[in-house]
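These features come from TrEMBL:
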| type | residues | note |
| --- | --- | --- |
| COMPBIAS | 28-53 | compositional bias 'Low complexity' |
| COMPBIAS | 67-78 | compositional bias 'Low complexity' |
| DOMAIN | 249-366 | domain 'Methyltransferase' |
| REGION | 17-78 | region 'Disordered' |
| REGION | 250-259 | region 'SAM motif I' |
| REGION | 314-322 | region 'SAM motif II' |
| REGION | 341-350 | region 'SAM motif III' |
Amino acid sequence: MSAFALRAQPALLGSAARLSGHRRGGRRASAARPRRAAGVAYPASAAASADASGGAGDGESQRSEATEVTPTSTTATEVEVAAAPAALSIKELSAPVLASHGDAAAAAARAEGAIAQTSTAVAVAAAPAPTPPKSLAASIPTPVLGAAVLLAASLGVKTILDKPSRAYTDGPGEGKVGSVGQEYDAWTEEGILEYYWGEHIHLGYYSDEDMAKGAGTLIGCNVKNFIEAKFDFVDKMFEWSGCPPEPARVLDVGCGIGGTSRHLAKLLGTKSQVQGITLSPNQVERATELAKTQGVENASFQVMNALQMEFEDNTFDLVWACESGEHMPDKKKYVQEMIRVLKPGGTIVIATWCQRETPPAFNAVEQANLKFLYEEWAHPYFISIEEYVRLMEGTEAMATVGSANWVRETIRSWRHSIWVGVYDPWPVVFAGPRMWYKTVREIVTLERMHRAFDCDLMTYGMMKGTKKVAPEPKKAGWFS
């Protein structure tokens, strides 16, 4: 036998024995008794098995011994054959027959490891491919995911709308109109404010009868015309002022596009001359245009700073200020200037948004709400009705001073201005995305204004007074 045959014999012996033991027919007995090779020591169990079977089948054993077996890769079929009952164990079949083949235990361990690896590989190959894990979004039900996205978007929009965008930054001066003038220029140029609010950029008046019919509500939006309510306000304000009829000269401080100025000019007649002033050049242009269109010749308009008026002292019989005080950065100077240009015996009447009197001090929520109302519509700050009265009295030029809170009569204006847009949205719809965004901001602010007045954080201040008449000098004489 060649040296190669001797080296290959231990490995081939086990494979030949197993294969011959599973042949079809009646040859199992010959496989159980392999022929002993000279000088080869078989394991004890193998020798005992061979002796027990006798000498039968020696020829078959020789043919088996002469058969060449080519080693191939282990297949699933071979693994199953190896696992079938056999006369010899794995350790016994893999035991070295020569001392040069190494330790028997190590060889057996290597054989068992190879079979185990092959079995594992077969099992893995036969197993189905694992299902990839679902993503987090895919594992969430669609309605829940949609609600979460909607909630996140809503919170994002709310965050944007809760942040004021038009804070008061500076007043007029050195050829500029300041924050207030810029805002009113923009509103006038856009035309949306005039379309919905008319010529009067101030709140309307609602009587008890109007409110009983539902005026100013969504359902009762058309019970009273929103623009007509503003004309009613001017009439009621003039009536409340106590001004004598037909004042010769009237000053409208913060006239806007001149709605009140023209209405007073028509109401008082041609004997009265009405002068309107505003910070906005665009408003002056629009007010003048409307006066010409309506044939109102006793009303005129000009750009002027109410805190530094160019008029002489004691010029006007009636000084009128409707919702302009909110924008004044110096309320004291505002009051002083109006009283300065008022004639002795003349009447001053002021309508303006006010905050409640303190103490008690504003809490954190109230402070946050006031901050938004200041900074969204270019308001430096508000003061209370009581503070306006103190400022008027503090000039020591007033003979009488009175005040009132018209929240009840005016509060419906805030939501009424929203409902008119709901009933007639087309001017905004056709104006484009920029106007859509701006309108949404205005709606939010209008609603927040309504709530501030409704909870008494804000009040609607009405102040009036008559300027002192200078005493006549005493005549010289014997009994003086």
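Keep in mind that glycine also has a Cβ here, set from the backbone N, Cα and C atoms.
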*Using DSSP, what's the helix, strand and coil tally for the region 'SAM motif II' (314-322)?*
0 helix, 7 strand, 2 coil
*Per-state residue totals over the region 'SAM motif III' (341-350) - DSSP helix, strand, coil*: 1 helix, 9 strand, 0 coil
*By DSSP assignment, list the helix, strand and coil residue numbers for the domain 'Methyltransferase' (249-366), in that order.*
41 helix, 37 strand, 40 coil
